[in-house]
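Student: Here it is, the structure in full.
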Amino acid sequence: MQSGKMKALMKKDGAFGAVLTEVPIPEIDKHEVLIKVKAASICGTDVHIYNWDQWARQRIKTPYVFGHEFSGIVEGVGENVSSVKVGEYVSAETHIVCGECVPCLTGKSHVCTNTAIIGVDTAGCFAEYVKVPADNIWRNPADMDPSIASIQEPLGNAVHTVLESQPAGGTTAVIGCGPIGLMAVAVAKAAGASQVIAIDKNEYRLRLAKQMGATCTVSIEKEDPLKIVSALTSGEGADLVCEMSGHPSAIAQGLAMAANGGRFHILSLPEHPVTIDLTNKVVFKGLTIQGITGRKMFSTWRQVSQLISSNMIDLAPVITHQFPLEEFEKGFELMRSGQCGKVILIP
C-alpha cells in the first residue's frame, strides 16, 4: 500500500481559485479502497468551488482536495474489502450513502437522506490518489479510454434525466448544453427520440450539440425557442423537456414548451428560489415534473456502461480539452468561459 506524499489540487481557503500542492497519500479504513487516478474530469460543481460562489461558501469546508469524476487503478484495499481487488480498473459512484435510511432500504439510495459526496464533503480526485468506499466502485472494461471512463458519472446524470421518461418516437428538448446537456442530447437520440432540440445561447456548445445528435439547435439570442418547438411539433410541444441550465427564464420557457401530458425533468440547480405558473403551465397541462439527482445505484451505471460498450453513443466529441494537473488553471478558465465541452485533468 502506498504511503508518503502526492500532488493534489487544493481549495486552501475561502477565496477564488485553487492551489497545487503536496499532501499525504490518503490512508484507507477497513471498508475503503485506494485508487491511483488516471484521469479526472472537471464538473460544473468544481467550477462553483473554484469560483467560491454563494453555494460553495455555504457548503464547502476548507482546506480540502476537490474533484469527483475520475478513473483509475486500485492500489490498496481495506482489510474488510473482498469485492474489489488490487489492480482493477475502476471509476466510482460519487454519492456515499448510509444504507440505513428509508430511501436506502426501499431501493432509492440515490436520494439517501444522509448522502455525502466525494470531492464535496470528502477529499476528492484532483490528485494522484483518491480513496472511496468499496461499495461505490464500478469496474471498467480494460479497453475503455481513461478519459471516457472518467465521465461516466456525469453521463449517468444525463442517462437518469432522459431515461426516467420514454423518449422513443417523441420530441425531446434539452435546455442548456453544458457537458451534461450535451450528453443528454446523445442519450435521447440513442433512446429513439424522433427529434432532439438543443437550446442554448453558446454557439460553440450548440455546434457540439449537433455532433452529439441534435436534430435542431436553437440559439436563444437569435430565435424564440417556444416558436421553434411549436413549429417542429405541429403546435403540440415537446414530449420531454430536460432542463439543464438553472436559469429562471429557461425554466419558465421549458414548462411552456412542454406538451400537454408531457414531462419536465430538471437536473439543474437554480441559484435562488424560482416562481412558476403552476396553474396554467403544470396543472391544466397535466404536466409531470421530476427532479433528478445523481444516478440510481447501480442501474443507471449499467445503462451507462451498455450505451458506451454498444457504441450507441459517441462521447469523443464532448471531450474537447486535456491538460496535465499542473495546468489546472487553463482547464478551469476554459470551463468558466464556456468555450469547451468536457475538460480532463491528468495527474
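Placed from the backbone N, Cα and C atoms, the Cβ positions cover glycine too.
From a predicted model like this one, the values you see are computed outputs, not experimental measurements.
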Student: Swiss-Prot has Asp200, Arg205, Leu267, Ser268, Leu269, Ile292, Thr293 down as binding NAD(+); which of Ile151, Ile180, Ile228, Ile319 does it also list for that site?
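Tutor: Record check against Swiss-Prot: NAD(+) site with Asp200, Arg205, Leu267, Ser268, Leu269, Ile292, Thr293, extra candidate from Ile151, Ile180, Ile228, Ile319 is Ile180.
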Student: How far is it from Cys43 (Zn(2+) 1 binding site) to Leu267 (NAD(+) binding site), counting Cα to Cα, in Å?
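Tutor: Spelling it out, the Cα of Cys43 (Zn(2+) 1 binding site) and the Cα of Leu267 (NAD(+) binding site) are 14 Å apart.
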Student: Taking the Cα atoms as reference points, how far is Cys104 (Zn(2+) 2 binding site) from Leu269 (NAD(+) binding site) in Å?
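Tutor: Answer for this pair: 23 Å between alpha carbons.
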Student: Near Ile180 (NAD(+) binding site), which residues of its chain come within a Cβ-Cβ distance under 8 Å, counting only those 6 or more away in sequence?
Tutor: Gly44, Pro154, Asn157, Ala158, Thr161, Met244, Leu267
Student: Centre the Cβ atoms of Cys98, Cys101, Cys104, Cys112, go out 8 Å, and tell me which other residues of that chain have a Cβ in range of the Zn(2+) 2 site.
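Tutor: Going along the sequence, the neighbours come out as Val97, Gly99, Glu100, Val102, Pro103, Leu105, Ser109, Thr113, Asn114, Thr115.
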Student: Rank the binding-site residues Cys43, Ile292 by how many other Cβ atoms lie within 10 Å of each Cβ and give me the one with the fewest.
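Tutor: Checked Cys43, Ile292; of these binding-site residues, fewest Cβ neighbours within 10 Å: Ile292.
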